[in-house]
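**Q** Dropping a structure here in structure tokens format, bear with me for questions.
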Amino acid sequence: MEDIVDDVRSSTYQVVENDACGTGKANLLSLSLLYLRSTLKWMIELDAGEAVAIRFVPDPISGHYGDAEVFGAPLVAGSQERWYTFGNEAKFAISSWGGAEVEILGAASTEYMADEPSPTYTYCTNLHLNLERARIRAREQLRTDPSLQKILEDMDVSERTIPASYEQHGAGASGSDLYRAAGQGPRVMIVGPESAGKTSLIKFLANYALRSPALANVKEGDDASRRAKHRSEPEIHPGPDVAHDDDDDDDVENRKDDEESGINDMKHPKNRKKHSSADSQAKKTLSDITGWWPMIVALDPSEGAVPVPGCVSAIPLTPMPTNWLPSPSPALPYGITTQTTGTLPPSVSTVQSVMPISLWMGKENVRENERHSRRVIDWLAYYIEKRLVKDWRARMSGLLLDMPGVITADARTRYGFIQYCVRAFKIDTIVVLGHEKLNLELTRIYANDTSGHAPRIVKVPRSGGAVEVDEVYKQKLHDLQIRSYFYGMPPALTKEAAVTSMSMNDENTPASIPAGLDEHLGAVPTLSPYSTTIPLDLLSIYRVGQDRVAPSSALPIGAERVLSEMQVVKLDPVNSSNDMSMLLHSVLALVEPPPRNQSKDETSSPDDPGHHDYEDDELLGAAILGFVHVSDMDLHRKKLTVLSPKPGKLPSTTALIGNLQWQDM
């Protein structure tokens, strides 16, 4: 073990630090110098009130910077004053290809050096390279098949249709009409038990796809002729990830090899300090920006869902303005804020998510009313297929599906929800993370598949650094995500703590704050939410299913009560105490109003719980525009007090309610 024990030199002093929750208290901070050895990882687990900041320092002998990354997101070298902050009980690991020296401000309750090489440099990289080859093949199909381009261009995706169900193999006519296997990038599903590291693997694969040296466009690039003309002249590249020439048509295979091996460029510290130059990126046209445009599909509506628990989302990524997903806080499971908030603009320190798609499940367990869960999946798959018909960059880059954790009860249904999602999203690769039985069962299931589209099953070991989390932590994360939606993020450290700590460590340090040290976690600003009182009848609030119904004896003679797991019921809090109690302290999803119900029975009574202005199925597939929190009710005045992220008119007066409760304390 002596060869991997790192020399950590630290100094400790008392400063006033604002914790990640913004309470402000005296904490004991330390400034440590850590040498991170090649292919190993330094594990950090923060507890409540703890925050750390990390930056590169040059080698004292050579003066060169090393390389390091967190779940595939690089810490940019060559900028000593750039700090990366982490808080909100984050659990993460720093790893390095060739070794690096980093400075750590603050201390965690748990931090240690792993005694085995990071999986980043074994199966994770091999998996990425296989996906890279699949993306290049998809791009070549789109580039060389004019008939495919013509088919996609002629497809009409403007018309809104009702997607069919994927209950059986080959079902789902609407989605199948839009789906074409040609030109499709890899569609990868990550499955495994809870706390196995599924989201971490998703972030790693997404980061390496975003940092790829490939050009994700059908044409060769607007700069192709210019670069070819001046190929013999010295040229300054914006980073190692674009150092190859993607526009040489003389030898496609050589170009593929260059792109596949481009990941090796990430390992060289001398190249890392040129990585992702903002000035160079600004000069490049859109078609010449390197990196794939993958889409993360978050199908776990529990803690860590996007943007809040109770949602499932498709998050299209772009390698701009930077090409990585950070991990500053578990409240931002993929390091980004989606535009569904209606208040948080894309951060300049992360990639952008272009027109994300979020749908409301209203629950944190997909097994609860699974028929409803599957129908929401139908709608999400339908929206994704429509997107991929016209967004060819995302099409060739593929899908990365983050699935709910597998539990013992799933085996009794032969992992029915997994099979359903495989059909709906046309999955071609299932990565089983750390679950031997699940790997064997899925292998047996798809060995007998006669559809001709059975996915490939890939088993990978669970990382030794995967952290088991308990129900208390999950509830904290649940509350933190909802709170950060309305209130944003505080800085991990106060300005006073930042200046004091730097000054106490170095007499020559000016009384200014180095870049990133006082940055809000995830670059999400602190918000001032708006509490307002609105008429009770301003919002049309619906829920799926009905907990309590009138007995049959209370119905008209001859009438029967027909209930469905997917029946949408309009709330009536004035006349129903159950609806009133359900509404108080709930988080409501404001959704895009679907087309009006033209086929409803004109003779039906407005008092009928099933009577409303929209088709049930249309409401299940309505896109989320934002959220409000019901903080108080006044039934005498028929008023609701709601909390909104910003003042002004609500984006919609059509709302869906689930079992998502939160108290603003």
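Heads up, the Cβ atoms here are built off N, Cα and C, so glycines get one too.
Relevant sequence annotations retrieved from Swiss-Prot are reproduced here:
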type	residues	note
BINDING	Lys91, Ser195, Ala196, Gly197, Lys198, Thr199, Ser200	ATP binding site
REGION	218-283	region 'Disordered'
COMPBIAS	219-238	compositional bias 'Basic and acidic residues'
REGION	593-615	region 'Disordered'
COMPBIAS	598-614	compositional bias 'Basic and acidic residues'
**Q** If I restrict to non-local contacts, at least six residues apart, and a C-beta distance under 8 angstroms, what lies near Lys91 (ATP binding site) in its own chain?
**A** Ile44, Glu45, Leu46, Pro330, Val467
**Q** So for Ser195 (ATP binding site), how many other CB atoms are inside 10 Å of its CB?
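**A** Taking every protein chain into account, the count is 17.
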**Q** Tell me which of the binding-site residues Thr199, Ser200 sits in the most Cβ-dense spot, judged by other Cβ atoms within 10 Å.
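**A** Comparing the binding-site residues Thr199, Ser200, the most crowded Cβ belongs to Ser200.
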**Q** Report, as a single number, how many Cβ atoms besides its own are within 10 Å of the Cβ of Ala196 (ATP binding site).
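**A** A count of 21.
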**Q** How many other Cβ atoms are found within 10 Å of the Cβ atom of Lys198 (ATP binding site), counting all protein chains shown?
**A** 27
**Q** Would you mind pulling the DSSP three-state label for Ala196 (ATP binding site)?
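**A** Its secondary structure by DSSP: coil.
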**Q** Within the chain of Gly197 (ATP binding site), which residues six or more apart in sequence place their C-beta under 8 angstroms from its C-beta?
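**A** Same-chain residues close to Gly197 (ATP binding site) (Cβ under 8 Å, separated by 6 or more) are Leu433, Gly434, Arg462, Ser463, Gly465, Ala466.
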**Q** Using an 8 Å cut-off from the Cβ centroid of Lys91, Ser195, Ala196, Gly197, Lys198, Thr199, Ser200, can you name the remaining same-chain residues around the ATP site, in sequence order?
**A** Leu201, Ser463, Ala466, Val467
